[in-house]
């Protein structure tokens, strides 16, 4: 990873080159080059409206780039058969709609869709994958419960289980911790770290810079539609970077738990600090 | 029967029957409901054919249906009553399917074609032909055209980077109001006889439907049913959100386009054959969901419930104030509405 900051796109399984991303006439990001290192836990971070979710959506082929291209395993992601892509790359969108009255087991089972066909609607492999996904996310005990009745944290674990049941080696997560309280945020992120350790490439959009530094093995920092820095958090997160990206003065100390960078914002009310 | 059992889960774990590499997902409860619905439809059909001004005994009905009954029975059964019942079954299934498709697309029971202007547009087309003195076939063509044109306009007006469910419902409800006003205006301007004919047609009726109605309906359904089967599973995934479905490898726009075309045509042919019968498209998917306890909207069950609902309502319409007859649309609302209200009461847990 000691090479140039912008890795050669074709060197990794998932990459984007020369991306211009836009909704209708509104250009959100331009000239993005990004390579997701294989087997990394990549976190994309930046201030609101910097285009981080848009970049993730482009990598997940939810948004067709205005210019440039996203490549998966050397092929153009938009020309690969959609179901084929879905067997390699999964996405947990920012928000999904729970079908009325669906049980946990049934919802997780829907993650098997890309593996199913008209005459193979529910194979033993489907059953095993669903059981394994529910075990990994600790929702097996909820299998027969109705999803609507679960707490926010439980529900997010169920959605994660559905994405896991898809059995993709790359998993993209769009703000998986939003709307969760701090304990559930950590729970979900720990789970993501475990999934990463079992060999998956994880890519997540997060809001919290400290959490990003803690969990990411590769950080992509964005501002106003551009990538400002990418690399190992310990190597790139500096007070200058934080000021440049978030307009925030801060100190950076080692996280007492993990040794990763911990951002301590400078108080504007220094006056009250004693001595 | 003393203590109430705990409320069972609505869907439960996926189950399947397997044969080698093949597997079919089965929901035992849904299968049971389907069998019961088919039996009910058959019973209602036989009863409707057997009774009336002239009673044909049930054995004679069956004999006539299979081609070797007494001549009088053959005449009454095959010429008069069977086509009416068949029309009812087919129209009911078409309304049920159309309702299922649009309720699924809009994720909203109010997304039914009778709420988002398609039925009203079909009515406008029908009335225009009635007041200009068209034949039955021309009325049917007029209502089909009205339905398709309305659907196209609503779709275009609701379109913004794809069609969002709630926009379709809102634009559709607006179009519905506009078209109902237009229909009323047309009726007030028509001469009294045309207005009466149009009024009767507007309630929806199966009276006097012969084989010339059954054949086109059969052809239309033979083409549209496979389309519905094809989009059925992807549509259920799209109910979880476009991004979720796309992430599962579903080509959302293509599926949606097929579903919309099929749904509009189903609503169109059904209305062309029986008039804008109220409530079947709204109620059938909701009834089906609650009977089968399956999550989301289901196509096959909705079609079956629609068929049973319409034929049962038509049977009642012919018998309630016999020898006078009610238009079936009056009773679909009464029967379906009451039943839905009862089921919704049971829902509160």
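Note: Cβ is positioned from N, Cα and C throughout, glycine not excepted.
Per TrEMBL, the stretch carrying the note transmembrane segment among B:115-133, B:191-209 is B:115-133. Across the candidate stretches B:31-50, B:85-103, B:115-133, B:166-187, B:296-317, the maximum count of CB pairs under 8 A to the transmembrane segment (B:211-233) is reached by B:85-103. With respect to Cβ pairs under 8 Å, the transmembrane segment (B:115-133) is most closely packed against B:139-159, considering the stretches B:85-103, B:139-159, B:166-187, B:254-284, B:296-317. Within its own chain, the transmembrane segment (B:85-103) is flanked in space by residues 41, 45, 48-49, 109, 111-114, 116, 206, 209, 213-214, 217-218, 220-221, 224-225, 228, 231, 235, 259-260, 262-264, 266-267, 269-270, 273-274, 277, 280-286, 288, 297-299, 302-311, 314, 328, which lie at least six positions past its ends and keep a Cβ under 8 Å from the stretch. Annotation: stretch B:254-284 has the most Cβ pairs under 8 Å to the transmembrane segment (B:139-159), among B:31-50, B:254-284, B:296-317. Within its own chain, the transmembrane segment (B:31-50) is flanked in space by residues 56-58, 61-62, 65, 77, 81-82, 84-85, 88-89, 288, 291-292, 300-301, 304-305, 307-308, 311-312, 314-315, 318, which lie at least six positions past its ends and keep a Cβ under 8 Å from the stretch. Below 8 angstroms of C-beta separation, residues 30, 33-34, 37-38, 40-41, 44-45, 47-48, 84-85, 88-97, 99-101, 103-104, 206, 228-229, 232, 235-236, 239, 274, 277, 280-281, 283-285, 287-289, 325-328, 330-332, 334-336 of the same chain, each at least six residues beyond the ends of the transmembrane segment (B:296-317), sit close to that stretch.
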